[in-house]
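Asker: According to TrEMBL, the protein carries these features:
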REGION    1-28  region 'Disordered'
COMPBIAS  12-21  compositional bias 'Basic residues'
DOMAIN    26-56  domain 'Zn(2)-C6 fungal-type'
REGION    77-149  region 'Disordered'
COMPBIAS  83-94  compositional bias 'Polar residues'
COMPBIAS  115-129  compositional bias 'Basic residues'
COMPBIAS  136-149  compositional bias 'Polar residues'
């Protein structure tokens, strides 16, 4: 008698876990509650929000310096993603086809919460073109950011 091959065991599909950046230097309160620590010093944002005494206050100065340096690196990476609030663009278009759009507002540094002044302007020049010939609009952009003191 010939034996039939056994059917293969059904493969279990592994669920892929959502990835997130783990906080390795979280305060003891956040760790005990298993929530993401903001790692802000001297007290993390979660402890400040809840009115708790943050465990960072009891960390040795060497450990706090490591966390502080890590936060500076993280801050440098997120500097480009500052939140900007501004007034709408004001546009003036002259008969010659030259337009000027200006915007002034403030940028709030998401890390420090400190406002920065921001000014941007765009100059648009339109050239007359021959029928059938397409000439793209020329524009220049200028943006300045100032630290508000």
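Cβ coordinates are placed from backbone N, Cα and C, and glycine is handled just like the others.
Those TrEMBL annotations? Automatic predictions, nothing curated.
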Asker: On the DSSP side of things, how many residues of the domain 'Zn(2)-C6 fungal-type' (26-56) fall into helix, strand and coil, could you say?
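Answerer: Its residues fall into 14 helix, 0 strand, 17 coil.
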Asker: Across the domain 'Zn(2)-C6 fungal-type' (26-56), what is the average pLDDT of the model, as a whole number?
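Answerer: Here the predicted model's pLDDT, averaged over the domain 'Zn(2)-C6 fungal-type' (26-56), is 84.
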